[in-house]
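Just below is one structure, and these are the notes that go with it.
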Amino acid sequence: MPENTDAVILDGVPAVAPDGAPVPVDKRDKPRSLWNDAWYDLSRKPIFYISALVILFLIVISIWPGLIASQDPLQCNLIDSQNGPSSGHWFGFDQQGCDVYTRTVYGARASVEVGIFSTLGVAVLGAVLGGLSGYFGGWLDSIISRVSDIFFGIPILLGGVVFLSAVKGGSVLTVSTFIILLGWPQLARIARGAVITAKEQDYVLAAKALGAGHGRILLRHIAPNALAPVIVWSTIALGTFISLEATLSFLGVGLKPPAVSWGIDISAAAEQIRNAPHMLLWPAGALSVTVLAFILLGDAVRDALDPKLR
Amino acid sequence: MGRYVIRRLLQMVPVFIGTTLLIFVMVWGLGDPVAAMFGDRTPDPATAAQIRHDLHLNDPLIQQYWIYMSNVFKGDFGNAWNQQPVTDLLKTAYPVTLRLTIVAFLIEAIVGVALGVFAGLRRGRFFDTGVLAMTLIVVSIPTFVTGYVLQYFFGVKWSIVHPSVGEGAPFKDLLMPGLVLAGVSLAYVARLTRTSVAENTRADYLRTAVAKGLPRRRVITNHMLRNSLIPVVTFLGTDIGNLMAGALVTERIFNIHGVGYQIYQGIVHNSPATVVGFVTVLVIVFLLANLLVDLLYAVLDPRIRYA
């Protein structure tokens, strides 16, 4: 059964012995892959658990904010404007007399959505374009590299102000679209470099010699080996994209009220810091903890995936 | 070297055209500038047609871009919303932002590299952990929050510095805005330097330098720093553009009338000429900074020689 032998070699792990009998798998003898190794390393790091827990909590809150907040974030009373903490309203009230705690809880959703959408978009677009340009090289590489140079030439904050004020957008979708549009070249460069390193390896040559096509080589051999830097960069970027959304809202081109987002609340509170500092503390604190959690998670994953950097 | 500079300059041309075209399309192509000029009112059709004709808005975008660019190279950036030539605005705004950027850049480079080197040399000790934790915190807090908080405490509550920047933007007023602008980049520079230094402390050439009895000072400055700073210089170079764009936020907080202020005015008053003009100049600065970094490579690292 020649076909079977082929599959055995390509998959790397001999699941079936040449005579067709299943090979008894001893757990301790099984060689650990990069991912097993990384997981082993991560599972004994408190930082990993803490940041993962924070992120998990955040995702749950952004799906079901009602779990921990009983009030309506848009139910505001101007008579409470800028009032400090009181019983039942531990975080106090903002400029419009809305409960700061409720708004902070509900604001998580917009930030998490922008973060996830833009990171997914950047990761997919950047990894595909960068990967193809690194793998095929030649004219495709030249075109993609030059195009990414062009997008690279625009500082992201500046591009954000210009683009978002032109499309008059103020929704999660427009902000995410913009971040994807200007964010992909950075990831494309990382993916391109990783793919170029991976394609020089002997196992790629071996796969080629065995007659594997481009699709198979890319998906089965190069992608798993070039994925690590992409994942690490994306995790850290997710945090910075959330921060970017807040900054764009501050500049008046990001999300707009009546949307509830940390960016909107922080920028409203920042201008009132002299009168009511408590308004700034909670949304800004929540945002910073979120960004920090993603950076720490990314750092932990990087340390686990790339032992050389330790 | 000369040939390399010329080749790099030629390579910049398509990137410059592409970037400015992208900005041009975003500003002129995505919205309707004439409708925007009139705000909520509906313009008189004849007037609107006249304005469209004067601004070449009936021509295809690519032709508008060509007209605009040929004017730019004659030194004419068009007029702002109040009919002031954009060139005048550029002349008053750019020096201010340049001063702010220089202050921020110096803080970023000096403090960032110093922190990074000391942390890298004391890897795993208290100072190193402290620097790592501090930089993480600085990166996680959005710049505009840091800006307002520092302004509130140092400027308003304790009156140590001016809360806003005075006429002519003197350097002493720019210290705090510069620090705020540099903040996040400073953290990155410190971390990058630390990693680079920590990697190089184990290098063979360092062991050789120590073994042949060179003084510690010389080992660090001549052998270690020169090799460790290569990635840092790359980062610093590409960061010049980001600093100038970040001025958008800082200038708003501290009321500085520089590039960020003018771009913001251009957007508020729907003046595409202002926005495109300022961004075009910024792109040129950004590209030139990148070229400078590539040339600096050869100075720092003699292994790289340009044909």
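Placement of Cβ uses the backbone N, Cα and C atoms for every residue, glycine included.
For A:108-298, the entry in TrEMBL reads domain 'ABC transmembrane type-1'.
If you look up TrEMBL, you'll see A:47-69 (among others) marked as transmembrane segment.
Taken from TrEMBL, the feature transmembrane segment applies to A:114-136 (among others).
Among residues of the same chain six or more beyond the transmembrane segment (A:156-182), those with a C-beta under 8 A of the stretch's C-beta atoms are 110, 113-114, 117-118, 121-122, 125, 241, 244-245, 247-248, 251, 253-256, 259. As annotated by TrEMBL, transmembrane segment applies to A:156-182 (among others).
The transmembrane segment annotation in TrEMBL covers A:226-251 (among others). Sequence-distant contacts of the transmembrane segment (A:226-251), counting only residues of its own chain at least 6 positions beyond either end whose CB sits under 8 Å from a CB of the stretch, comprise 34, 110-112, 114-116, 118-119, 122-123, 126-127, 131, 156-157, 160-161, 164, 175, 179, 183, 186-187, 190-191, 193-195, 197-198, 261-264, 266-267, 270, 287, 290-295, 297-299, 301-302, 305-306.
For the transmembrane segment (A:280-301), the residues of the chain that approach it from at least six positions outside its boundaries are 38, 42, 45, 47-48, 50-52, 54-55, 58, 91, 100-101, 103-104, 107-108, 111, 115, 231-233, 235-236, 238-240, 242-243, 246, 262-263, 265-266, 269-270, 272-273, judged by C-beta separation under 8 angstroms. Annotated transmembrane segment per TrEMBL: A:280-301 (among others), in sequence order.
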